[in-house]
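Beneath this line is the structure, given in structure tokens, with notes to follow.
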Amino acid sequence: MTLLDETASAQFGDDVAPTEEWAAEVRRLARQRGATLLAHNYQLPAIQDVADHVGDSLALSRIAAEAPEDTIVFCGVHFMAETAKILSPDKTVLIPDARAGCSLADSITADQLREWKAEYPGAVVVSYVNTTAAVKAETDICCTSSNAVDVVASIPADREVLFCPDQFLGAHVRRVTGRTNMQIWAGECHVHAGINGDELADQARAHPDAELFVHPECGCATSALYLAGEGAFPADRVKILSTGGMLDAARESRASQVLVATEVGMLHQLRRAAPEIDFQAVNDRASCRYMKMITPAALLRCLTYGTDEVDVDHETARLARRSVQRMIEIGQPGGGE
């Protein structure tokens, strides 16, 4: 811990309560710093509520690029703040705690991707946006969970595809496209991978009238489709959706109850979008400890001291930006990750 960290910790403590006074001070400091506050859907409810914008990582990064403010405070994990910096190279991008990593993004490095590419010369590399800037720089086309199928389908059928890093999203894309020349990296989000098929089946049986919203990063996504295919659960009530897709579906749903298979922070936005629906987590322990490192105290420290700043070197950012722009040219990324 640096002297600055020690000073900030002594001033704010690590157990700052998200009171109305705290929220007012956060907004005052943001105005003073000329900053816009962005919060990912998986953040603590108090962080979501105080933010100027809440959403998935790519949508927030695009908002950051269009925002009039010169400083962006990204309440999310590190690769998300990197993506904001890639799309807003002239802006100051801050993350309240630079230690907030991501098990999925960390499951492949740029060196590992280069070695993989060498095994399949001529292959097209498709990387999920949940990757580091260095991996994006080695990527041909990025994708989100909502447009991954369209991105892969846009690639000529005779070209090999290397899909990374999420094995469950990759399996979903391969299943939908029917593509046989598609290699999939064996990475995973530890939170989504932990939402298993047995839990999903038990919840579905216990709530036979509910709809199922399942994120494609989940280890249980295949189980959800199996339940529908076997008639154990009505197919029209099983939806494989990105976080943005979940919000759209919630606003249109006529169900009285929805079972949600993703990180539990998403429930806050779903309940705000459709307060008349009873949203329940398939696994109420599916909480990302990295996301929850962005605490009320960390946000106060960030706004007070201007820490932690995120930087991406010019060449890495240029190459990474190219892969993101190619994705956008293929089609709107829609509901994001």
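The backbone N, Cα and C atoms fix where each Cβ goes, glycine too.
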Of Cys102, Cys142, residue recorded by Swiss-Prot at the [4Fe-4S] cluster site of Cys189, Cys288: Cys102
According to Swiss-Prot, which candidate in Ser57, Ser103, Ser107 joins His40, Tyr128, Val129, Asn130, Ser145, His215, Pro216, Glu217, Thr243 at the iminosuccinate site: Ser57
Proximal residue to His215 (iminosuccinate binding site) among binding-site residues Cys102, Cys189, Cys288 (C-alpha distance): Cys189
Spatial neighbours, same chain, of Cys189 ([4Fe-4S] cluster binding site) - Cβ under 8 Å, 6+ residues apart: Cys102, Ser103, Leu104, Asn130, Asp166, Glu217
Local Cβ density at Tyr128 (iminosuccinate binding site) - other Cβ atoms counted within 10 Å: 29
DSSP three-state assignment for Cys189 ([4Fe-4S] cluster binding site): coil
Number of other Cβ atoms within 10 Å of the Cβ of His40 (iminosuccinate binding site) across all protein chains: 29
